[in-house]
Amino acid sequence: MRKVKPKLNLTSQTARIVNLSHDGRGIARVNGKATFIQGALPGEVVEFQYTRIKKDFDEGKLLSIVEPSTLRVEPKCPHYQMCGGCSLQHMSAEEQIRFKQSHLLDLLSRYGHTEPQSVLSPLTSHHWNYRNKARLSTRFVEKKQSTMVGFRERNNPRFITEINQCPILNSKIDTDIVHLRKLIDTMEDKHCIAQIEVAAGDNEVALIFRNLSPLTEQDELKIREFAQQFQYKVFLQPGGLDSVFCFYPSDAHAYLSYELPDYQITFQFHPNDFTQVNAELNRKMVTQAIQLMELKNSDIVLDLFCGLGNFSLPMAKHCSRVIGVEGNKNMVERAYMNAKSNHITNVDFYAANLDDVMEVRNLVNTSFSKVLIDPPRSGALEIVKQIDSIDPERIVYVSCNPITLARDTDILVNQKGYVLITAGVMDMFPHTAHVESIALFQKG
């Protein structure tokens, strides 16, 4: 029998917010049922309207704030209410950190079934103009005869929020969004550009135009003139990721760069490579990870999900040898390139399936005293399940998803005999609910 959808009550409701969800939405309890309301803060009394009725929870749209929280601040971005790029600009920066730290510790307790012996002080950076990588959507609107450039709408990802600025983006692109829009508006084929990837190094900013059809000579000229006037490297992507090429300057090498000044290391990377979006926080994160590793000259370290060597190369300056393993062959090539350009010789890199620890062991027949793990959001489940075959005395786990960190912590602590010494958050993404964290495990 077909289920009948519950009818929405469209009259406004009033409720007090009692908590925050993992994604930063306010939680109200209405007749014992959780209602999630974007933009509401704990302690506030809000007026809202139901937008979705589910079996176990409801969702609502914030209409007004009857009793505001002292933690509430005015969002800096004029597009904040619609844009899906940020979710916490209405909360003070200090409270954002407390929310993320509390969320991490709650997950470690609930799903990791343990608590750290100590909690690290949060790592923070500048809250604005920190983001060095982003993807801007573009769409030419026939009715308006103008181009929209922006991020997806928070409540309807099918649509684009047209923006004139973005205060979390690298300061250069923040001020040039309006010029990007004007560029596309003047092109002969205004439907050609589907999206624009932004990637910034320490000294240069690159734009990758995803062109759905070949550019006309006139449009190529306009892009060159734009790049020259506003000082961008421009890449074109006419097909898949392997089709990206440097379009302007035509004689330029394809790499951007960033530096870890404390270690006198400079990394070169392609705009499509994975790099941390927040350069200032990344520098602090690398230093904290190395401090937690407590490296000795005799240590041989395994760096899993090593990427282009962001942790491997600075660690190599403090130990006997580092072996980096990465699933992406292109990143392994980049890691070797960076080791060579920085004259670091006590590192080796391998491409392997990181869900198969035995494949890693067969590639690298070495004993490791310490391991650093920096996995994607899916975590490192297969690695921690097979950690006995590596048997390190110390593990530093850098996480971009506290839920999978908590899951993997449960295995390490309650099945593999490790102790969670310390853990804490790193605010890689201010004004969003994304939680980056770091944890130290010691063999019990």
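For all residues, glycine too, the Cβ spot is worked out from N, Cα and C.
Small disclaimer: the values here were computed from a predicted structure and weren't measured.
According to Swiss-Prot, the protein carries these features:
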type	residues	note
DOMAIN	5-64	domain 'TRAM'
BINDING	C77, C83, C86, C166	[4Fe-4S] cluster binding site
BINDING	Q276, F305, N310, E326, N353, D374	S-adenosyl-L-methionine binding site
ACT_SITE	C400	active site, nucleophile
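For the recorded [4Fe-4S] cluster site, residues C77, C83, C86, C166 set the reference point as the centre of their Cβ atoms, and the other residues of that chain within 8 Å of it by Cβ are H79, Y80, G85, Q89, F151, I163, P167, I168, H431.
Less than 8 angstroms from the CB of C83 ([4Fe-4S] cluster binding site) sit C77, G150, F151, E153, R154, T161, I163, each of them six or more residues away in the same chain. For N353 (S-adenosyl-L-methionine binding site), the number of other Cβ atoms no farther than 10 Å from its own Cβ, over all displayed protein chains, is 12. Helix, strand and coil residue tallies for the domain 'TRAM' (5-64), in that order: 0 helix, 35 strand, 25 coil [DSSP]. The distance from the Cα of D374 (S-adenosyl-L-methionine binding site) to the Cα of C166 ([4Fe-4S] cluster binding site) comes to 29 Å. In sequence order, F305, C306, G307, V332, A335, F349, Y350, A351, A352, L354 constitute the residues six or more apart from E326 (S-adenosyl-L-methionine binding site) in its chain with CB-CB distances below 8 Å. The Cβ of C86 ([4Fe-4S] cluster binding site) has 23 other Cβ atoms within 10 Å, all protein chains considered. Across the residues annotated as binding S-adenosyl-L-methionine (Q276, F305, N310, E326, N353, D374), the two Cα atoms farthest apart lie 22 Å from each other. When the binding-site residues Q276, N310 are scored by other C-beta atoms within 10 Å, N310 scores highest. Most other Cβ atoms within 10 A: among the binding-site residues C77, C166, that distinction falls to C166. According to DSSP, F305 (S-adenosyl-L-methionine binding site) is assigned to coil rather than to any helix or strand. Comparing CA positions across the recorded positions C86, C166, C400, the one lying closest to Q276 (S-adenosyl-L-methionine binding site) turns out to be C400.
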